[in-house]
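Okay, structure first, notes after.
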Amino acid sequence: MSMTDLLSAEDIKKALGAFAAAESFDHRKFFQMVGLKKKSADDVKKVFEILDKDKSGFIEEEELGAILKGFSADARDLSATETKTLLAAGDKDGDGKIGVDGLDQSPLPSEGSAAFTRVTREGP
């Protein structure tokens, strides 16, 4: 499954363009722009699984640095500062990674969203 099976290619392109400049990435705005906030808990989980490149059940710092490439192969890498900001937003237990079972604490797409609440109540 590819990201464009879940999200609009046009929305992805617009969002990547909006954050093409280094140090411009805002995870909340980006995930809103690609349409992730409107997706079901199941679709959000599928997006998470696509971004979890090593299939560990976690998105680690290295994967976060390349998160935009999960939306388009030709996208830029996040800077170290952007990566650390994104990790801090989603890693509430301080273990250096974002787990699929902690989606309600993840920055995908926003803390407290209905999609994340459903995933955590229903389980992974």
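Using N, Cα and C of the backbone, Cβ positions are placed for all residues, glycine too.
Whatever TrEMBL says is automated annotation, not expert-curated.
The domain 'EF-hand' annotation in TrEMBL covers 39-74.
Just so you know, the Cβ of GLU63 (Ca(2+) 1 binding site) picks up 19 other Cβ atoms within 10 Å once every protein chain is counted. Residues or ranges marked as Ca(2+) 1 binding site by TrEMBL: ASP52, ASP54, SER56, PHE58, GLU63.
As annotated by TrEMBL, region 'Disordered' applies to 89-124.
Feature annotation from TrEMBL assigns Ca(2+) 2 binding site to ASP91, ASP93, ASP95, LYS97.
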Helix-strand-coil residue split for the domain 'EF-hand' (39-74), DSSP-based: 20 helix, 3 strand, 13 coil
Additional residues around Ca(2+) 1, ordered along the sequence, whose Cβ is within 8 Å of the centroid of ASP52, ASP54, SER56, PHE58, GLU63: LYS53, LYS55, GLY57, ILE59, GLU60, LYS97
Nearest-integer angstrom distance between the alpha carbons (Cα) of ASP91 (Ca(2+) 2 binding site) and PHE58 (Ca(2+) 1 binding site): 10
